[in-house]
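Copied over from Swiss-Prot:
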type	residues	note
BINDING	L166, T167, F194, P195, S196, D197, D278, H281, Y303, W337, N365	pyridoxal 5'-phosphate binding site
COMPBIAS	75-86	compositional bias 'Polar residues'
MOD_RES	K304	N6-(pyridoxal phosphate)lysine
REGION	59-86	region 'Disordered'
Amino acid sequence: MAATQKSLCAIPADPIEFPADANTLDYARSEDAKCPIRHMREHFIFPTRASLKKKALDGRLPAYPPNHAKPGETATAQNGTSNTNDDNVTPAVYFCGNSLGLQPKATRDHINAQLETWASIGVHGHFTSWDNSPLKSWQDMAADCAAQSASVVGASPDEIAIMNTLTANLHFMMASFYRPTEKRHKIISEWKPFPSDTYAIASQIQWHGFDTATSLVELHPDENYYISTEKILATIDEHAESTALLLLPGIQYWSGQLFDMPLITAHARAKGIVVGWDLAHAVGNVPLSLHDWDVDFAIWCTYKYLNAGPGAIAGAFVHERHGKVDSDGFKLRLSGWYGNNKATRFNMAKDFDPTPGAQGWVVSNPSGIDLASLGAALSVYNLTTPADLRKKSLWLTAYAEHLLNGILKDEAASSAGDGKKPAFRIITPSNKNERGAQLSVLLREGLLDVVGEKMEAAGVVCDRRKPDVMRVAPVPMYNSYEDVWRCVDALRKAVMS
């Protein structure tokens, strides 16, 4: 398993320091040459500067120049690299993996295998697994993806369910784990969850006959958009007797702050509070140990750092203590036929025979196309380890921070005394243990769209969150030091012009 592979990357010192020549492209390239997992980049298809401007399908993949090669043929340009100025083969600088990851090259093979199976044997694909196919039989694909996800989230396969999408899974988990009473009815969350979480939490509180004004406790940040662990623990203590559920993001999507999940979980559970984590921005980004941390439940999407494709099927974790199916240990849930034990599922019995573990929460037959795409993504992810990805991520993110701070120093030197605010500030914690692969850059008011458009024109893709935040995410699976240098260079030119 990937989790047992020897770690290759060195853990950076604290604080992370860079030499005087670190602001040069030559330095970035020299670091790429030394990176022990640089080969992972070759497993992905990068948009090119030309393909980003496409207006219609043309039957060609990025990095295949017109009149030269189509998918399945041989192209001279190696994807993700280019030594020319030809936009057709020059890869974009893609720093948007925290919103949507790049397409793995394996995805097309896995989906084509699914389509061929369906076309060739129809319904028999539910129970047929071919030796030369990358796929299991359809009824076993979700369990296979769960097994491949085990090292990603730090859980046993039986504690993982691959199903639905993130917000749907949040509702299914809350149906079981948010059981408010007159005494314990509050949910502790944070001030700015991803809006879908906000809507789900509010609707669950209202569904149970309570009011968000009295049943929702929001953790607010300081003036630097930082929520300290001490504040979280103090809030738990303050509301312990009236709180039914603590529901926080592993990484705050807007600021990029990574929370101390094991400490917060232990503190809340010691107070009798159920603990759930939204891992949308943490899964595939930072190492996780959900079982060992004693988390009650967690949910995540798979289209960001796991690269399973837009709107891809999601995942849920349920700790093994909640997965018992005997009459005394059974956890109430909203049930459906695909949560029924596989051995008896097709008996079509009237009584529900739940699958032990998290897969007993599955309701419907999951999409085979979705599972093929996720299986492809996980097959690539597991070529390395969460530990090695994290170590490279620490270096890449620190390098991006170093170069961004260089812009601020140069700007301050050139505009001393003009009274202008700096063009931006980084609101993600500078402590490497309190962030993942994302740096959130809060731009001066009115700059976001102007800067974003200039960067896009330069072939750089970053995520913009109105009104003023640009999220810069060097993904260690496929981004390089040179990518970091080019991204920050484009940002420098945009804000200094």
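Glycine residues also receive a Cβ, built from the backbone N, Cα and C atoms like all the rest.
Structure coloured by features recorded in Swiss-Prot.
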| residue | record | Cβ contacts under 8 Å, 6 or more apart |
| --- | --- | --- |
| L166 | pyridoxal 5'-phosphate binding site | S196, D278, A280, I299, W300, C301, A314 |
| F194 | pyridoxal 5'-phosphate binding site | P249, Y253, D278, A280 |
| Y303 | pyridoxal 5'-phosphate binding site | L100, G101, G309, P310, G311, A312 |
| K304 | N6-(pyridoxal phosphate)lysine | G97, N98, S99, L100, G101, A280, H281, V283, G284, N285 |
| N365 | pyridoxal 5'-phosphate binding site | W337, Y338 |
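Minimal Cβ crowding within 10 Å, among the binding-site residues S196, D278, is found at S196.
According to its DSSP assignment, D278 (pyridoxal 5'-phosphate binding site) is in a strand. DSSP gives N365 (pyridoxal 5'-phosphate binding site) a coil state; it is part of no helix or strand. Binding-site extent for pyridoxal 5'-phosphate: residues L166, T167, F194, P195, S196, D197, D278, H281, Y303, W337, N365, maximum pairwise Cα distance 31 Å (rounded to the nearest whole number). Under the DSSP three-state reduction, L166 (pyridoxal 5'-phosphate binding site) is assigned to helix.
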